[in-house]
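Structure first, commentary second.
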Amino acid sequence: MNLRQQLGSGLSMAMVLASAFAFWKLFSIVTMSNSPIVVVLSGSMEPAFQRGDVLFLWNREEYVGVGDVVVYKLQEKDIPIVHRVVREHRVMEKDRKTKKKVQKQLLLTKGDNNERDDLPLYAYGQQYLERKKDILGRVFGYVPLVGYVTILITENVYFKYALMALLGLSALVQDE
């Protein structure tokens, strides 16, 4: 393979990666969610969602209601959690920047397959999730079991190495 072909292959790969990144950013802007697509990692939401389901999030609503399934991130952890809103209330607070009173929505969540609410998961002293600060989005659609590839890659080291070897082998075979 000559230099021109290598540069062409590299440019093609860069275009694929740039297109994927652009699609992700566009989807993030449209849904107003930093994480518009998530994979269910546990069975806490069964039977509504199974482990491995891919969820699509929407974060354009001002408020979410009791019964809505939301995805939130805890302050200390990087893993998004998919649970249902079981209680909500609103409080009036003074906005720090504008000094005007604003209504803030507070939420309590629980997994459908869990016996108790999520209070023990929240940060020490935190009673509720704040809609604007903690919620990544409300679930508006899903694709069953497609996310199992992600789970296999993160949980099984051998699968990850086999997949990388397969990708490397396919790149070598394609070049010939």
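Even glycines carry a Cβ here, placed using N, Cα and C.
Taken from Swiss-Prot, the feature active site, charge relay system applies to SER44, HIS83, ASP118, supported by similarity to another entry. The region 'C-terminal short (CTS) helix' annotation in Swiss-Prot covers 162-173. Look at Swiss-Prot and you will find 1-9 tagged as topological domain 'Cytoplasmic', backed by a curator's inference. Feature annotation from Swiss-Prot assigns topological domain 'Lumenal' to 31-176. Swiss-Prot lists 10-30 with the feature transmembrane segment, giving sequence analysis as the kind of evidence.
Residue density at ASP118 (active site, charge relay system): 21 other Cβ atoms are found within 10 A of its Cβ, drawing on all protein chains shown. The average per-residue pLDDT of the prediction over the topological domain 'Lumenal' (31-176) is 91, rounded to a whole number. Cα of ASP118 (active site, charge relay system) to Cα of SER44 (active site, charge relay system): a distance of 11 Å. HIS83 (active site, charge relay system) and SER44 (active site, charge relay system) have their C-alpha atoms 8 Å apart, to the nearest angstrom. Within 10 Å of the Cβ of HIS83 (active site, charge relay system) there are 23 other Cβ atoms, across all protein chains.
In three-state terms derived from DSSP, SER44 (active site, charge relay system) belongs to neither a helical nor a strand segment and is classed as coil. In sequence order, VAL82, HIS83, GLY111, ASP112, ASN113, ASN114 are the residues near SER44 (active site, charge relay system), counting only same-chain partners six or more apart with C-beta under 8 A.
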